[in-house]
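Student: Quick paste of what Swiss-Prot says about this protein:
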- Lys6: ubiquitin cross-link (CROSSLNK)
- Lys11: ubiquitin cross-link (CROSSLNK)
- Lys27: ubiquitin cross-link (CROSSLNK)
- Lys29: ubiquitin cross-link (CROSSLNK)
- Lys33: ubiquitin cross-link (CROSSLNK)
- Lys48: ubiquitin cross-link (CROSSLNK)
- Lys63: ubiquitin cross-link (CROSSLNK)
- 1-76: domain 'Ubiquitin-like 1' (DOMAIN)
- 77-152: domain 'Ubiquitin-like 2' (DOMAIN)
- 153-228: domain 'Ubiquitin-like 3' (DOMAIN)
- 229-304: domain 'Ubiquitin-like 4' (DOMAIN)
- 305-380: domain 'Ubiquitin-like 5' (DOMAIN)
- 381-456: domain 'Ubiquitin-like 6' (DOMAIN)
- 457-532: domain 'Ubiquitin-like 7' (DOMAIN)
- 533-608: domain 'Ubiquitin-like 8' (DOMAIN)
- 609-684: domain 'Ubiquitin-like 9' (DOMAIN)
- Ser65: phosphoserine (MOD_RES)
- Gly76: ADP-ribosylglycine (MOD_RES)
- Ser141: phosphoserine (MOD_RES)
- Arg54: site 'Interacts with activating enzyme' (SITE)
- His68: site 'Essential for function' (SITE)
- Arg72: site 'Interacts with activating enzyme' (SITE)
Amino acid sequence: MQIFVKTLTGKTITLEVEPSDTIENVKGKIQEKEGIPPDQQRLIFAGKQLEDGRTLSDYNIQKESTLHLVLRLRGGMQIFVKTLTGKTITLEVEPSDTIENVKAKIQDKEGIPPDQQRLIFAGKQLEDGRTLSDYNIQKESTLHLVLRLRGGMQIFVKTLTGKTITLEVEPSDTIENVKAKIQDKEGIPPDQQRLIFAGKQLEDGRTLSDYNIQKESTLHLVLRLRGGMQIFVKTLTGKTITLEVEPSDTIENVKAKIQDKEGIPPDQQRLIFAGKQLEDGRTLSDYNIQKESTLHLVLRLRGGMQIFVKTLTGKTITLEVEPSDTIENVKAKIQDKEGIPPDQQRLIFAGKQLEDGRTLSDYNIQKESTLHLVLRLRGGMQIFVKTLTGKTITLEVEPSDTIENVKAKIQDKEGIPPDQQRLIFAGKQLEDGRTLSDYNIQKESTLHLVLRLRGGMQIFVKTLTGKTITLEVEPSDTIENVKAKIQDKEGIPPDQQRLIFAGKQLEDGRTLSDYNIQKESTLHLVLRLRGGMQIFVKTLTGKTITLEVEPSDTIENVKAKIQDKEGIPPDQQRLIFAGKQLEDGRTLSDYNIQKESTLHLVLRLRGGMQIFVKTLTGKTITLEVEPSDTIENVKAKIQDKEGIPPDQQRLIFAGKQLEDGRTLSDYNIQKESTLHLVLRLRGGVLSSPF
């Protein structure tokens, strides 16, 4: 394959390599082309220096990857490191050495662990991942070494009255400790203290050294004015806690107050407002949380768990995670282990691509579950986007791009912010977290771009108690958005809300303008009664699924529950009761479906397409498939027809073995293509189609 090597002068070298080549081999090829001795070469990929004895495939370097070449300057240079005791150490270094490397050299000479070292140059603390040349540190420069620890220092705290207090502290003291010392001296309770340094409010859980507060620094003490406001915190058990807070309180402070009331450690708390997880260092006012707002408290389950990630090469990676970890966190852990950038990772579980912002528990991923890792293939395709003015934009995309990615590309070309864009394909509004392949959008497809009109309007929502709520909305808001606004005002979870307009129940994914809801329209809010009932769903294979539902659930909700259990997308489901096909927007009670009723599930075959599978005996099987079917799905269809277990099947197309997690469209398999089926024989012998 070809890879590129970019030098610091901007020159790019092309090399012919193989995945099994070592970094040493690659340096040899660079020497042949450029005459640079291997011992003067440092190769960098994905921000990581590559080691001579490892191979390109060890670092997941694929065709057309770009490595960066940094030259080791010969003879290097000397720098000096001065300690607080006045001792000066001489080090042999190179401009390309990282601060981390320098600390390791100091450890070699002086035995001081790197995590106890702080290096200062030109009054600035140096960061581990940066290089000496980043800080313009040249030969014979002097760095200052400060030990994290032990022995303390004095700082000053200045109050608004002008009084200055002197405190004995250590760099490792937390802001909380400092406030306790102020309370000892001045009698001011910590929760009434706000400490400011360099114009920044200091957070309780951070240390003085985190803020680079050194000896004889001056902090400013501001008192929190009493008065505050009340907010509510609702737990999953339905219990509501009332807290006294101020807009300037951080989320960390709020979690501490919850701990005081409920005994739940902050690191087990996740707080949600307006559907968004709140970050510790931000304040209530940053999130526009006002008096009598309701936050939702979700517990992080302790103890963590192990999950497995299987790559297409068959390698299995073990990760330590928690149910509350987001998919984004998981991708970061994979990057740490394997060096694969998150934006090149697609994670699949139960045949479904996982979205960055969701958690493992959202997908019911439990201990020892196996996720499949598919790399986003480079190469892509062109699609067209047509605006209402008739202008057509051409975009370079990949089937694995999300709608969010596509909107970002449109913003790059046209300057339209993503939140003002609505994309329509085949009459359907596309959701940000889904991919082009999810919607079967193929090369040269045309999407339609509709702008969300700014300026908004007011609508009214009338509850069964007769209370009327006023909401600020836009015609392009979805019903889901409207329910979130009602939750912010009234604290009613969206899944307990049913909205009715013109006698019709409104569906989450549709917009106000879809229902012709205009300014000053009145919607009616009906609460879903808790208590529920069981119904049965019988499939054509004879399998019966049991679902927990409520009479007020819509058919759409029921299909979503079936998807959760069986993985069948709602748009492929038709539900039949009493000989009648059920409509998405209607409720179970509309059809008089009562407890222990049985619905029948019929699958909608997609316009789809036919493909052929040829076995070694010469037999040809015809399958109904869709471009978005995974190879795993295809093997399941073959099992249904022929009884061959998927793990004994190998499928070949265009001389290439097909991987389970990839789709037919990934391999450009089109209607009436022929795949070859080879059986994996037990005992390791493989039969061949050729």
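Residue numbering: from 1, along the chain as shown.
Note: Cβ is positioned from N, Cα and C throughout, glycine not excepted.
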Student: Tally every other Cβ atom lying within 10 Å of the Cβ atom of Ser141 (phosphoserine).
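Tutor: The answer is 17 other Cβ atoms.
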Student: Report the listed stretch (1-76, 153-228, 457-532) having the maximum count of Cβ pairs within less than 8 Å of the domain 'Ubiquitin-like 5' (305-380).
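Tutor: Answer, by Cβ pair count: 1-76.
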Student: If you run through the domain 'Ubiquitin-like 5' (305-380) with DSSP, how many residues end up as helix, strand and coil?
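Tutor: Taking the domain 'Ubiquitin-like 5' (305-380) as a whole: 18 helix, 28 strand, 30 coil.
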Student: Is the number of Cβ-Cβ pairs under 8 Å between the domain 'Ubiquitin-like 6' (381-456) and the domain 'Ubiquitin-like 9' (609-684) three or more, considering only pairs separated by 6 or more positions?
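Tutor: Judged by the Cβ rule, the two regions touch, with the required three close pairs present.
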Student: Whole-number Å distance between the CA of Lys27 (ubiquitin cross-link) and the CA of Lys63 (ubiquitin cross-link)?
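Tutor: Roughly 17 Å, rounded to the nearest whole number.
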Student: Lys48, His68: which of these recorded positions has the highest Cβ count within 10 Å of its own Cβ?
Tutor: His68
Student: Which number gives the other C-beta atoms within 10 angstroms of the C-beta of Lys33 (ubiquitin cross-link), all protein chains shown included?
Tutor: 11
Student: Measure from the Cα of Ser141 (phosphoserine) to the Cα of every one of the recorded positions Lys11, Arg54, Lys63, then give the nearest.
Tutor: Lys11
Student: Counting distance between Cα atoms, which of the recorded positions Lys48, Lys63, Ser65 is nearest Arg54 (site 'Interacts with activating enzyme')?
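Tutor: Given the candidates Lys48, Lys63, Ser65, the nearest one is Lys48.
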Student: Tell me, what is the mean pLDDT of the domain 'Ubiquitin-like 5' (305-380)?
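Tutor: A mean pLDDT of 81 is what the predicted model shows over the domain 'Ubiquitin-like 5' (305-380).
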Student: What Cα-Cα separation, expressed in whole Å, is found between Lys63 (ubiquitin cross-link) and Lys11 (ubiquitin cross-link)?
Tutor: 19
Student: If you measure C-alpha to C-alpha, which of Lys6, Lys29, Lys33 (recorded sites) come within 10 angstroms of His68 (site 'Essential for function')?
Tutor: Lys6
Student: Please identify which of Lys6, Lys27, Lys29, Arg54, Lys63 has the densest Cβ environment, defined as other Cβ atoms within 10 Å, among these recorded positions.
Tutor: Lys27
Student: Given a separation of at least six residues and a C-beta threshold under 8 Å, show me what packs close to Ser65 (phosphoserine) in the same chain.
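Tutor: When sequence neighbours closer than 6 are ignored, Ser65 (phosphoserine) has Ile3, Phe4, Phe45 within Cβ distance under 8 Å.
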